[in-house]
Amino acid sequence: MKLDKNKKYIIGVSGGPDSMYLLEFLKKEQIKNVIVCHVNYHYRKESNYDQKIVEDYCAINDLKLKVLNVDQDYKKLNSNFESWAREVRYNFFLKIAKENNFENLLLGHNLNDSIETFIMQKQRNNLVSFFGIKKISKNKILDVYRPLLNVKKSEILKFLNENKIKYALDDTNNDEKYKRNKIRKSLNENDFELIVNEINFKNLELNKIMNKVDSFIKSNIDKESLNLNQNLQTSELDFIQRCIFEWLKRIKKDFLIYNRSNKTLNEIAKKIKLSNKAFWEIQIENFIIFKDYNKLKIINKNLKTKKTVKINSEEDFKKIIFFINYKEIVGVIKRDGLLFPYVVTNDYNYYKTRTKVGNKKTNRFFIDKKINNYNRIAKAVVFSTKDYKILNKIK
């Protein structure tokens with residue numbers, strides 16, 4: 001990968017062989033406008049030694065260095081260390097980038113890392129957007145570059161040893177309780193050419209699929225809803241899952257899926273493919289994804305909270321301000337002549353057989369008119385206790 005010498009780069013350096021090789025690579029490429037960033041988690045007894053290696057190298061080579069010393073009681077850490085550490089690390093990179101008006105990040109992932117990732121993706125049957133590791137990606141404001149993805153680990157170690165460049169070794173990389181470490185030990189670099197060819201082929205095929213996903217989403221996204229047509233329902237589950245994820249991504253709700261297993265996407269995809277019901281729903285954290293006739297929608301679960309309020313005077317209008325169609329309800333009551341009392345409710349099960357729209361029972365009217373589920377859930381109706389006829393229009 002050819003790097004632009006005119007750009008400014010944050011460099012993530014742990015002190016391990018990959019990141020120390022990266023520094024040497026940048027020296028050779030004459031990339032000078034850089035800030036080296038090192039995170040000392042104080043997680044391993046060798047952490048300070050790692051930091052010293054980075055400090056010494058930066059001092060000798062006149063490189064600007066920023067160090068984050070993490071103060072954390074690891075006995076109280078409830079999350080996975082690797083995920084937590086990655087978040088800490090990237091937040092630090094972003095902080096330094098913002099403070100110094102940098103927009104680019106360099107990381108030392110190598111070919112072995114990419115192949116390990118690919119094997120893990122296959123074993124887990126992950127729904128991925130790319131097989132292996134991307135050379136260029138995005139993390140918030142940062143363009144992330146990985147210029148060593150064509151370099152084997154053995155080549156890195158050979159170079160460092162021959163040139164007597166110090167580097168730290170993380171002994172946790174030998175702990176086989178971690179799946180990646182097991183894979184790492186099983187790799188034979190003589191097999192890499194075949195594996196790289198497989199990765200390239202799979203990414204070409206994946207790119208074709210993602211183009212179809214993109215075309216489907218562009219044609220069927222409607223504000224924050226997704227049209228569920230026959231083509232989608234007869235598609236493979238993998239394609240349906242990708243469409244769901246891309247829809248969530250475009251409406252900025254993909255955070256609901258990132259830290260979950262594929263089971264959630266698979267459950268939604270199966271319902272789309274196999275269920276003939278007009279309505280169904282799945283709750284994910286504080287949101288509800290639901291089918292509404294031929295649309296897929298998402299709402300905050302608070303909108304589904306059932307509320308019923310009796311209105312005895314204009315003073316009681318303040319009791320219904322939380323309904324999303326509050327202004328409409330107030331207007332309807334005023335046009336009706338303020339003939340109190342009224343009932344305002346979004347509890348469909350409560351009012352569907354008690355009330356009428358015209359001369360029809362409300363549930364029958366809603367079925368005949370195909371009133372969508374979102375309006376039944378989110379919007380309130382108002383009726384007089386004299387005749388139990390709904391006064392506002394639900395479309």
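Numbering starts at 1 and runs along the chain as displayed.
From the backbone N, Cα and C atoms, a Cβ is placed for every residue, glycine too.
Remember, it's a predicted structure, so these values are computed and weren't measured experimentally.
In TrEMBL this protein carries:
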BINDING   Ser14, Gly15, Gly16, Pro17, Asp18, Ser19  ATP binding site
DOMAIN    8-185  domain 'tRNA(Ile)-lysidine/2-thiocytidine synthase N-terminal'
What is the Cβ neighbour count of Ser19 (ATP binding site) at a 10 Å cut-off, with all protein chains included? 25
I want to verify one value. Collapsing DSSP to three states, which class is Gly16 (ATP binding site)? coil
Tell me the Cβ neighbour count for Pro17 (ATP binding site), meaning other Cβ atoms within 10 Å of its Cβ, over all protein chains shown. 22
Cβ-Cβ distance under 8 Å, sequence separation of 6 or more, same chain as Gly15 (ATP binding site); the residues meeting this, in order, are His38, Tyr49, Asp50, Gln51, Ile53, Val54, Tyr167, Ala168
Once the chains shown are all counted, how many other Cβ atoms turn up within 10 Å of the Cβ of Gly16 (ATP binding site)? 19
What is the set of residues, excluding Ser14, Gly15, Gly16, Pro17, Asp18, Ser19, whose C-beta falls within 8 angstroms of the centroid of the C-beta atoms at the ATP site? Val13, Met20, Tyr21, Leu22, Gly108, Tyr167, Ala168
Using a 10 Å radius on the Cβ of Ser14 (ATP binding site), the other Cβ atoms enclosed count 24
Around the Cβ of Asp18 (ATP binding site), how many other Cβ atoms lie within 10 Å? Please give the count over every shown protein chain. 23
